[in-house]
Amino acid sequence: MQGGVSGFQNAPVTRAVVLASGLLSVVFSAQRRARALVLSYQGIVKNFRLWRIFASGFAFQSTPELLFGIYLLYYFRVFERQIGSNKYSVFSLFTISVSLLLEILSLVLLKDTNYLSTLACGPYGLIFASFIPFFLDIPVTSRFRIFGVNFSDKSFIYLAGLQLLLSSGKRSLIPGICGLIAGSLYRLNVLGIRRMKMPQVIAAFFARFFAPSSGGSSRPSRSLVGNMSSRTSRAAQNHQPSGFAPVVEPPESSIAMLVSMGFDGNAARQALMRARNDINTATNILLEAQTR
């Protein structure tokens, strides 16, 4: 299953998270200080080492965790393309923060037991929170069988998540559950979080320093999306069905499917509306707009 066009096009926040996670993991591993990253009641609550909270929210302790984690972060960049970098930065900050708070709370509640003393480090909150929209919004586009077992194009993402969830036993299981809870809270729009946006200066920072360069430009031009939308409008006129039937708002699953192919979310929505929610016609509209 593809996560859209290759690279970090239209996904500067994801690129920043992947770079931070990879660099911190490599640095702490090279200095043989990976063990210092784990969350523990002694290090966080008693000694109040705030740097551990930040570092443990991004750096993985082992190479297998790093590989699976980076792979999932890279794949889930499709959601940044779908909702936009500003809202995705809110989603990332909210899920990482809530997940870390829940993890610290679990350490406090279990401090007098022998069940758990440390938790695995890494952006488990963001990764497993992303499984909520992945499960609800990304449709299954193909199914197949291997040795008599049914699979879909989403199965390998679930398997990668399961591997990461169980990579360190209960030490990684609890952070993963906390991430799922954080993703569910965001989905339920707790405190109106889904309507919040980052200040424009922060959004401009990510766009300037973490957006991949294209054709000599160091920042993603907002005119690209605008031009795409305008070309989509012109292309849609050639596919406009006759009659004056009311335009129905496209379902999120259809938009998500087109976004997963690499199209812009706004352009996908507009194409679906022009195509009366016919995905094949909408795809043709978008492809025709790209070739102009």
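Cβ coordinates are placed from backbone N, Cα and C, and glycine is handled just like the others.
Given the structure is predicted, the values throughout are model-derived calculations rather than measurements.
TrEMBL lists 213-223 with the feature compositional bias 'Low complexity'. Marked as compositional bias 'Polar residues' by TrEMBL: 224-241. Among the features that TrEMBL reports, domain 'UBA' is placed at 249-289. Per TrEMBL, region 'Disordered' is recorded for 213-244. Residues annotated as transmembrane segment in TrEMBL: 12-30, 50-76, 88-109, 115-135, 172-190.
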For the domain 'UBA' (249-289), the DSSP helix/strand/coil residue counts are 30 helix, 0 strand, 11 coil
What mean pLDDT does the predicted model reach across the domain 'UBA' (249-289)? 79
